[in-house]
Amino acid sequence: MLPLSLLKTAQGHPMLVELKNGETYNGHLVNCDTWMNIHLREVICTSKDGDRFWRMPECYVRGNTIKYLRVPDEVIDKVQEEAKSRTDRKPPGVGRARARGGRDDSAVGRQPKGIGRGMDDGGAKGRGKGGPSAKSGGRGGGRGRG
């Protein structure tokens, strides 16, 4: 479970945020971004000593000042349930495109390819000098016009 997915799921729920300087903020999570910056509503801020309290309509907390986050257990359970259902839906690798080298010759509607240039394998003869009729003196083959 990733912290950002947990925070995205916790939107609208109450949470406690403790900062590195010791202050705590209790409020409802409105939003968070990829740097874990947090926007809270209906916030009660408690000083480091716990002797002063402030009520604020909303608050923005920078992500790199956060030491601790407490989210409700129901949010954690919901995220774990979503992760489990995601893994149950399809096994890893199903539905993904294969890499270039992983082509299967038995693919439906495809002819197997030759093994290389100029080989007598039924495939194309390549673009080298002289084609199949170059030595017999006929037209074609060769690089010149004549």
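Using N, Cα and C of the backbone, Cβ positions are placed for all residues, glycine too.
Annotated in Swiss-Prot:
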| type | residues | note |
| --- | --- | --- |
| COMPBIAS | 80-91 | compositional bias 'Basic and acidic residues' |
| COMPBIAS | 137-146 | compositional bias 'Gly residues' |
| DOMAIN | 2-75 | domain 'Sm' |
| REGION | 80-146 | region 'Disordered' |
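Secondary structure of the domain 'Sm' (2-75) per DSSP (helix as H, G, I; strand as E, B; remaining residues coil): 13 helix, 38 strand, 23 coil. Broken down with DSSP, the compositional bias 'Basic and acidic residues' (80-91) shows 10 helix, 0 strand, 2 coil.
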